[in-house]
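Engineer: Pasting the relevant annotations from TrEMBL:
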| type | residues | note |
| --- | --- | --- |
| TRANSMEM | A:20-41 | transmembrane segment |
| DOMAIN | A:75-259 | domain 'ABC transmembrane type-1' |
| TRANSMEM | A:83-103 | transmembrane segment |
| TRANSMEM | A:115-135 | transmembrane segment |
| TRANSMEM | A:141-161 | transmembrane segment |
| TRANSMEM | A:173-198 | transmembrane segment |
| TRANSMEM | A:204-225 | transmembrane segment |
| REGION | A:269-291 | region 'Disordered' |
Amino acid sequence: MRLGQLLWRRADPAKARHRAGVRVLLPAALPLAVLGIWWLALLRQWVRPYQLPAPGMVLSAFQEMLARGELQQHLAATSSRTVAGYLLGAVPAVVIGIGAGLSQSVRAFVDPTIQGVRAVPSLAWVPLFLLWLGIGERSRVLLIALGAFLPVYLNALAGVEGVDRRLVEVGRAYGLSGAAITTRIVLPASLPAILTGLRAGLSLAWMFVVAAELIAASNGLGFLLVDGQATMRPDRVLASIVAFALLGRISDAALGAIERRALRWRDSLGTAEPPDRTHPSPLSAEGGVTP
Amino acid sequence: MSGAAVSVQTLAVTLSGRPILHEISFAATPGEVLAIIGSSGTGKSTLLRTLAGLVSPERGGIDVRNGDERARIAVVFQEPRLLPWLRVAENVAFVMQGPRPARRQRAQAALAAVRLEGCARIWPRQLSGGMAQRTALARALVTSPHLLLLDEPFASVDALTRMELQDHVVELWHQHRFTVVLVTHDIDEALYLADRVLVLGGHPARVQAELDVSMPRPRSRTDPRLLALREPLLHALATPRAVSASGG
């Protein structure tokens, strides 16, 4: 249930239908307006087609690249290096973040260094990576991993640190071992923060794959951007941007769906349903006297 | 199931350099319901948390025994403290060990004992305060405890629910005869539930007074004999080092 619904709930079915219609149309309104302005700008010659091609031309470029298999090839290259870099950064980040949250010693060992690395803008490492690893796949993947690592680590650490002490006490009071308390209380309790970090890390991985491919690549959507600029093909540049948007949106939606599924127990505006609608019977069976 | 014998000898607890409990000694016989009362901040909860093993004493000893064996202890806290990511039945089964079907079966039985059998599959967020506290009670019961520690368990629910939960504890006690140590600031609750009431007071806290409530259960809240015991308890709470009293 969204905040608006919570604040201004109405029971009128006609208004509910109207709201449902608005909900479908509203997300499309802004892109359609942008498209309209785009058409108008070309029609009135506010911009030149070589600077900003018509939407139809972008679509043609998209279709043409698809037909030749060129787009698929670049999509595959970008996706695979993003996934590789993301896993290389996010998996250790979760493990180290949890470790630092659980153990003061681990934290004292790793956190100052990670905070130091965090203070440096990640792209500043690019020259060093290129020097060490050369202009190749390894330096690109490493850059993406670095970009994904930091938000995932910080969120995992904050998640473990933020676990309600009272819940840990329940485990202690009932004689659970340290390992059982960690796996059955601390980790599930810090899952919301870890998933938030994983989503933030993923969006940074997409950002860094563009940077990596802009700097040095012979394939991938970033390469397509540079190539489009060099060959004066803004339609191909825009088609690449659209492809990036699609990839980012799909991957984030997938992770968002996993997050919603994993956190369906949460009583928050984004996940919860009103109790009276989900399980009316056990609650109403309590009657008026029972709480 | 039988109750545990509890023996606390010259217990002293210091938290963050501040002495909280001093020279606390008392004992509870198997199946006895012992209430500990005192004003807010006296150290009642610290005493209970020490009995639960959540706080280490500075000095003194605690012995909780079920015959020659180590007794099983269960705690119900002031807040239900349910794990929000587990459904109600899973929350109850959480503290048990063994194969999953057996755990599930026992959790279901414990939920039935607190009249929440229809709520097994719902999330803790969908429970009312009283239902959540009853789930916490079921979680304690499922371990078949010899000693049940209750830390102001009904303080956060309304008066009507509180009375219902108190009756429920009495009913469960009749069935299982576990030893109960109840911490409360509610004199009436202490008198209604306990066989004996200890009054904690002073800084650091000591046992200021002790009152026997030798009345059979179930009791009536309006029983004049019970109401007559309020006076010495109020007196003990207001006066440091009051004399021991008994009623019934």
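Cβ coordinates are placed from backbone N, Cα and C, and glycine is handled just like the others.
These figures come from a predicted structure and were not determined experimentally.
Burial and contacts for the listed features, if you can.
Structural biologist: Long-range contacts of the transmembrane segment (A:20-41) within the same chain: residues 47, 52, 54-55, each at least 6 residues beyond the stretch ends and with a Cβ under 8 Å from a Cβ of the stretch.
Beyond its flanks by at least six residues, the transmembrane segment (A:83-103) meets 110-111, 114, 140-150, 152-161, 182, 186-187, 190, 194, 197-198, 201-202, 205, 208-209, 212 of its own chain at Cβ-Cβ distances under 8 Å.
Sequence-distant contacts of the transmembrane segment (A:115-135), counting only residues of its own chain at least 6 positions beyond either end whose CB sits under 8 Å from a CB of the stretch, comprise 142-143, 146-147, 150, 154, 208, 211, 215-216.
Below 8 angstroms of C-beta separation, residues 81-82, 84-86, 88-90, 92-94, 96-98, 100-102, 107, 111, 114, 117-118, 122-123, 125-126, 129, 133, 186, 189-194, 196-198, 200-202, 204-205, 207-209, 211-212 of the same chain, each at least six residues beyond the ends of the transmembrane segment (A:141-161), sit close to that stretch.
Below 8 angstroms of C-beta separation, residues 73-75, 77-78, 81-82, 85-86, 89-90, 122-123, 126, 130, 135, 139-140, 143-144, 146-148, 150-151, 236-237, 239-241, 243-244, 247-248, 251 of the same chain, each at least six residues beyond the ends of the transmembrane segment (A:204-225), sit close to that stretch.
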